[in-house]
Amino acid sequence: MGRKFFVGGNWKCNGTQESVSKIVDTLNEPTIAANDVVTVVVSPPYVFLPDENAELKHEIQVAAQNCWVKKGGAFTGEVSAQMLANLGITWVILGHSERRTLLGESNEFVGKKAAYAQSEGLGVIACIGELLEEREAGKTFDVCFKQLKSFARFPAKPWDNVVVAYEPVWAIGTGKVASPEQAQEVHVAVRDWLKTNVSEEVASKTRIIYGGSVNGGNSLALAAQEDVDGFLVGGASLKGPEFATIINSVTAKKVAA
């Protein structure tokens with residue numbers, strides 16, 4: 001397949017200088033899978049971005065959890081993609097369900113933010129996913145495809161730096177996790193959508209990762225699925241040793257190959 005495994009850690013609104021330092025120490029250990037087989041990106045709150053970008057070994061990249069839709073201006077409390085790029089931040093998470101549901105971010109708004117972030121050279125972790133009632137109503141694909149459409153305004157080339165994160169909302173922070181078969185089913189559908197609506201090349205190369213109660217106990221089975229190209233990890237990414245286990249689940253790709 002040729003798609004490099006990708007593991008992102010979304011720390012959300014968590015962490016103190018002490019706890020963050022412990023996670024960094026773990027991630028800097030040589031037991032973490034090599035950079036040539038897995039891309040590791042951590043996403044701390046804004047206040048920790050400069051320090052973690054400096055303190056983490058160079059193989060580990062840093063992402064912001066959000067950015068503003070424009071260059072800057074009179075937008076109190078917002079941070080622009082230009083500012084992030086100036087700090088040396090390389091990725092940004094956009095479209096996370098918590099921002100969609102709690103802050104009312106629409107598909108269109110998320111798409112505009114992603115397009116601007118790309119224009120500033122940031123890689124985008126593009127989040128999609130359905131609510132429990134939408135899954136039970138058989139609307140999983142419809143919901144995910146509508147969300148994908150908002151990201152499809154990218155020209156072909158910038159898709160090289162886009163990772164699609166399928167995060168079923170019913171599995172985020174609930175302890176429930178999609179089965180490996182459920183994850184694979186949606187990832188295949190997403191790849192087919194990209195093939196039809198963007199290009200066959202983009203569909204083949206784009207990494208589609210899974211998020212939603214991923215932990216050290218289930219990551220290996222999920223990673224063994226052909227179209228699961230990695231993870232976006234929430235709570236478990238705050239536990240250094242467990243996050244390391246998830247990163248090292250890339251070994252499942254070698255077993256499955």
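The backbone N, Cα and C atoms fix where each Cβ goes, glycine too.
Features of the protein shown, as given by Swiss-Prot:
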BINDING   N10, K12  substrate binding site
ACT_SITE  H96  active site, electrophile
ACT_SITE  E167  active site, proton acceptor
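Of all Cβ atoms in the shown protein chains, 29 besides its own fall within 10 Å of the Cβ of H96 (active site, electrophile). The 10 Å shell around the Cβ of N10 (substrate binding site) contains 26 further Cβ atoms across the protein chains shown.
Between the alpha carbons (Cα) of H96 (active site, electrophile) and K12 (substrate binding site) lies a span of roughly 10 Å. Of the recorded residues, K12 (substrate binding site) and E167 (active site, proton acceptor) place their C-alpha atoms 15 Å from one another. Taken residue by residue with DSSP, H96 (active site, electrophile) is part of neither helix nor strand, so it is coil. Cβ environment of E167 (active site, proton acceptor): H96, S97, C127, I128, G129, Y210, G211, G212, L232 lie under 8 Å away, each six or more residues apart in the same chain.
The Cβ of K12 (substrate binding site) has 18 other Cβ atoms within 10 Å, all protein chains considered.
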